[in-house]
Amino acid sequence: MFVPWRLLAVLGTLPCTLLIPGLFFIPESPRWLAKMNLMDDFETSLQVLRGFETDITAEVNDIKRAVESANKKATVRFQELNQKKYRTPLLIGTGLLVLQNLCGINGILFYASRIFRAAGFTNSDLATCALGAIQVLATGVTTSLLDKAGRRMLLIISTAGTTLSLLAVSVAFFLKDNLPHDSHSDYILSMVSLVALVAYIITFSFGMGAIPWLIMSEILPVGIKSFAGSFATLANMLTSFGVTMTANLLLSWSAGGTFASYMVVSAFALVFVILWVPETKGRTLEEIQWSFR
């Protein structure tokens, strides 16, 4: 709204520039240090992370056992990924990251101005900026709830909320297509779509926005973490690309149909979370990974 896109691109390099010196202050992962057999550095790093008053003896032993088990077989062949201890966490991690995008978040955010214009709002750019601000605030609230409500519960609330919100937006757009413009009912439906879109962004930020990345990092076994994490991330980015490229075509076809499609995926995500995703709150990475054996 305030600067040309070329200047905006230049401004986008500033966070990247700040990140470079910040990388030198990031400590090594205790599990990586243990894997490299740097045991003194491993225990020091873990003690710093847990606090100097915390007894880390039990966790140190758990991590050592997990690393020793992973080091017995340094590489995992592709065929071995079909084992339950690898297959289940890989499917859950990849599934969450794919469903995160298939719920339509990028299509809605990237084409928010067009969606608001179709809903009847004249100042669609301002509404889009407000939508982004709401997303930031909702994500901030989520960080304080993660270790209180639990990951799984927040995911259930998030997917249920996005499903209902998308249903409301879809119905509003379907009804608007059959009503004369500038009518009182048309105005009411415009407000319904606005409120539902805001509700969608808030509920998405409560869970599906960040928690899939957290879940993936917690459930993947050490032996396949690098490969499986890269695979899940690739699946996420390819899905994001597909949603972004098709959103404009879908909106041209039918705004109501577009949101109905996203709603169906969101409902499937809710079922997926209820049936498959475990609660990881308060559990060590080793406890989570052993539960899949």
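Every residue gets a Cβ built from N, Cα and C, even glycine.
Residues or ranges marked as domain 'Major facilitator superfamily (MFS) profile' in TrEMBL: 1-281.
Per TrEMBL, the feature transmembrane segment maps to 6-26 (among others).
Summarising the annotation, TrEMBL assigns transmembrane segment to 90-112 (among others).
Residues annotated as transmembrane segment in TrEMBL: 124-146 (among others).
According to TrEMBL, the feature transmembrane segment maps to 153-175 (among others).
The transmembrane segment annotation in TrEMBL covers 187-215 (among others). For the transmembrane segment (187-215), same-chain residues at least 6 beyond its ends with a Cβ under 8 Å from one of its own Cβ atoms are 92-93, 96-97, 99-100, 103, 105, 108, 112, 115-116, 119-121, 127, 131, 134-135, 138-139, 141-143, 145-146, 151, 154-162, 164-166, 168-169, 172-173, 175-176, 179, 269, 277, 280.
The transmembrane segment annotation in TrEMBL covers 227-253 (among others).
The transmembrane segment annotation in TrEMBL covers 259-277 (among others).
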Inset, instruction - Would you kindly list the residues that approach the transmembrane segment (227-253) from elsewhere in its chain, counting only those six or more residues past its ends and only Cβ-Cβ distances under 8 Å? - result: 76, 81, 86, 89-90, 93-94, 97-98, 100-102, 104-108, 110-111, 114-115, 118, 216-217, 220-221, 261
